[in-house]
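Trainee: Structure provided below as structure tokens; questions to follow.
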Amino acid sequence: MTQPLLLASTSPFRKVLLDKFQYPFETANPNTDESSFSGESAEALVQRLAEQKAKACGNNYPEHLIIGSDQVCVINGKIIGKPHTVENACLQLKAASGQIVTFYTGLCLYNAKTGQSDVICEPFHVHFRQLTEQEIERYIEREMPLYCAGSFMCEGLGIALFNKLEGRDPNTLIGLPLIALREMLEKQGISIL
């Protein structure tokens, strides 16, 4: 019998992505501290947090394969998180205007039964077009992306902010690299097809 699957996330976007596999899973809140360490790279941060989230659910789900994921964006070498306020969202989008912004998504598949983790970092590049202040304000007013790294939702109106998207898996930008996850699940004996 295959192990049950758990998504260690309360994100409705990650849940919708994982639903694409048409494979049964549960969700749980990992309830972890997402602070970065001094000098920690974006890649190291998202991998550490993805694994931390997955392992945080291990005690309550000791028989499960647990999926953890975390994402940050980097603008001009600086790690940018969720804006939380309209003012911060405006600042983030002004900084992104005309730039190539890299999103790093950490993915962990933790086998709570064996204690083994498979952890990766998937980059994704977003080429922003030049944005006017009015476009930024209208976008934020219409979509309110205050809990999204980088202050946009590409699955919605955010697509109008870009010239080009570049990466292995477009799902990565929304927060869950499904191509990499399928590969990890296959190593654990779970076939999606």
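Every residue gets a Cβ built from N, Cα and C, even glycine.
Sharing the feature lines straight out of Swiss-Prot:
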SITE      PHE13  site 'Important for substrate specificity'
ACT_SITE  ASP70  active site, proton acceptor
SITE      GLN71  site 'Important for substrate specificity'
SITE      GLU155  site 'Important for substrate specificity'
Trainee: Please work out which residue of ASP70, GLU155 has the most C-beta neighbours within 10 angstroms of its C-beta, and give that one of the recorded positions.
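Mentor: Going through ASP70, GLU155 one by one, the largest Cβ count within 10 Å is at ASP70.
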Trainee: Let's check the environment of PHE13 (site 'Important for substrate specificity'): how many other CB atoms sit within 10 Å of its CB?
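Mentor: If we count other Cβ atoms within 10 Å of PHE13 (site 'Important for substrate specificity'), we arrive at 16.
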Trainee: Pop the Cα-Cα gap between GLN71 (site 'Important for substrate specificity') and PHE13 (site 'Important for substrate specificity') into the table, whole Å please.
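Mentor: Distance (Cα to Cα, whole Å): 13 Å.
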Trainee: Would you kindly give the Cα-Cα distance separating GLU155 (site 'Important for substrate specificity') and GLN71 (site 'Important for substrate specificity'), rounded to the nearest Å?
Mentor: 16
Trainee: Where does GLN71 (site 'Important for substrate specificity') sit by DSSP, helix, strand or coil?
Mentor: strand
